[in-house]
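Enquirer: What follows is a single structure, and I will ask about it in a moment.
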Amino acid sequence: MTANATRILVLNSGSSSVKYQLLDMGKAADGDSAGARLAVGLVERIGEATSRLAHTPLAAGGQTRETTGPIADHQAALKAVAEELAADGLGLDSPELAAIGHRVVHGGLKFTAPTVIDEAVLKEIERLVPVAPLHNPANIVGIRTAQALRPDLPQVAVFDTAFHTTMPESAARYAIDVETADAHRIRRYGFHGTSHAYVSRRTAELLGKAPEEVNVIVLHLGNGASASAVRGGRCVDTSMGLTPLEGLVMGTRSGDIDPAVTFHLKRVAGMSADEIDELLNKKSGLLGLCGDNDMREIRRRIDEGDERAALAFDIYVHRLKKYLGAYTAVLGKVDAVAFTAGVGENAAPVRAAAIAGLEELGMAVDASLNAVRSDEPRLISPDYARVAVAVVPTDEELEIARQTYALVTAS
Ligand SMILES: Nc1ncnc2c1ncn2[C@@H]1O[C@H](COP(=O)(O)OP(=O)(O)O)[C@@H](O)[C@H]1O
Ligand SMILES: CC(=O)OP(=O)(O)O
Ligand SMILES: [Mg+2]
């Protein structure tokens, strides 16, 4: 790595998408912290005929370029991304590139911090595929493709599970036979940790406090959704478990159910383990309840009087309330609730409904503050509320870039 290599490419490979950012850690971002964005983009609907790549070269005019047409797999997606970057002189061959940072969803028990990827690390990420079947395979293809493009560069894995490794055993252990659990490493790992870490820190900043001084409940509500209880900057509980299926109602995932539902489906409905897996991960949640997994579409249907959409919304919100109550009890004292990710940042009705009726917990939302649209962290609670309710946009890519840069410049 040369001394002036300050750029980090971040790849966030999802099951059917790749989000990416090229950042310069030697330059300040908005505000005063490092990480100026040079290019950002998204490839979506990978594997379908209608794949779409939207690329915005912020360092070269900032005009978004869109390409549509089939992109067969993640490897093809990353090659297309590399070409877009190269078109503006921001290519992967640049000597200014210091490292490539990858979001890796499941890190198991081994990885509690960002890690430079070698074959042994890749093997471990591969071993964890059964507990993150929608995510780890895409992460692996992202890493292998990036390695092939720049074999000389450090590739760094930043794990979704890392932030949650501070959970006490009382929160991390399931109440099942200890030997069986240990033999198969069955426990609560938690996910979206990079987001929970970033958002809880930003929330403390918004309150003008140090992270050590505040207790925050973070609600990361995207396609996948999870809640976490963060005490003084450390995670003490989170809603996702062994896999990203437990907890909140999600776009296509059920979240919490009675585990007996699974053997009932097997014994009574004759479904196989794979069919049940597919049902709970891909055909449940909002999609299973009402046929749509996008909150925008659900709100539109509710406005037209659609009862199935209204019930799906109510079930989604009911689950959020339960976790707000539970994590208030876990934390004892809550300073702030932070809403983040696609739904949390954009869906004012979800925020209003989740907090409604929680005055006894010190939580309230001001309707006019809640209606404000902004990309900035902001409070939406009235002055009198004991608990600050906030909208805090997440930035997993920036956080991954910071952790990656810190690791490769430390040695
Ligand atoms: N303007 C909006 N209003 C309501 N919901 C929105 C809006 N924009 C995005 N969403 C929701 O956010 C979801 C995507 O969230 P995001 O955090 O980008 O997900 P992921 O990173 O898991 O792909 C969409 O499926 C949709 O439900
Ligand atoms: C872990 C997880 O659920 O991630 P995503 O929300 O990106 O699907
Ligand atoms: Mg996400």
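Cβ atoms are placed via backbone N, Cα and C, with glycine included.
Residues or ranges marked as Mg(2+) binding site in TrEMBL: ASN12, GLU396. If you look up TrEMBL, you'll see LYS19, HIS220, LEU221, GLY222, ASN223, GLY224, ASP294, MET295, ARG296, GLY342, VAL343, GLY344, GLU345, ASN346 marked as ATP binding site. Under the heading active site, proton donor/acceptor, TrEMBL lists ASP160. Per TrEMBL, site 'Transition state stabilizer' is recorded for HIS192, ARG253.
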Enquirer: If you check the binding-site residues LEU221, ASN223, ASP294, ARG296, VAL343 one by one, which have a CB less than 6 Å away from any atom of ligand 2?
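Expert: List returned for ligand 2: ASN223.
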Enquirer: Going by Cα-Cα distance, which of the recorded positions (ASN223, ARG253, ASP294, VAL343, GLU345) sits nearest to ASN12 (Mg(2+) binding site)?
Expert: ASN223
Enquirer: For the ATP binding residues given in the record (LYS19, HIS220, LEU221, GLY222, ASN223, GLY224, ASP294, MET295, ARG296, GLY342, VAL343, GLY344, GLU345, ASN346), what is the largest pairwise C-alpha separation in angstrom?
Expert: 21
Enquirer: Filter the binding-site residues ARG296, VAL343, GLU396 down to those with CB closer than 6 A to an atom of ligand 1; keep them in sequence order.
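Expert: If the test is a Cβ under 6 Å from any atom of ligand 1, the answer is ARG296, VAL343.
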Enquirer: Whose Cβ, among the recorded positions LYS19, ARG253, has more other Cβ atoms within 10 Å than any of the rest?
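Expert: For the recorded positions LYS19, ARG253, the Cβ with the most other Cβ atoms within 10 Å is ARG253.
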Enquirer: Count, for each of the recorded positions HIS192, ARG296, the other C-beta atoms lying within 10 angstroms of its own C-beta, and report the residue with the smallest count.
Expert: ARG296
Enquirer: Fill in the CA-CA distance, LYS19 (ATP binding site) to GLU396 (Mg(2+) binding site), as an integer in Å.
Expert: 10
Enquirer: Out of ASP160, ASP294, which has the highest number of nearby Cβ atoms, where nearby means within 10 Å of its Cβ, if these are the recorded positions?
Expert: ASP160
Enquirer: Given a 10 Å Cβ-Cβ cut-off, pick out the one of the binding-site residues LEU221, VAL343 that has the most other Cβ atoms nearby.
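Expert: That would be LEU221, with the most Cβ atoms nearby.
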Enquirer: Which has the fewest other CB atoms in a 10 Å radius around its CB: GLU345, GLU396, the listed binding-site residues?
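Expert: Relative to the other binding-site residues in GLU345, GLU396, GLU345 has the fewest Cβ atoms within 10 Å.
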Enquirer: Could you work out which of the binding-site residues (ASN12, ASN223) has its C-beta surrounded by the smallest number of other C-beta atoms within 10 A?
Expert: ASN223
Enquirer: Which of the recorded positions ASP160, ARG253, ARG296, GLU345 has its Cα nearest to the Cα of GLU396 (Mg(2+) binding site)?
Expert: ASP160
Enquirer: Whole-number Å distance between the CA of HIS192 (site 'Transition state stabilizer') and the CA of ASN223 (ATP binding site)?
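Expert: It is 11 Å, counting Cα to Cα.
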Enquirer: Provide the three-state secondary structure of ARG296 (ATP binding site) computed with DSSP.
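Expert: Reduced to three states, the DSSP call for ARG296 (ATP binding site) is helix.
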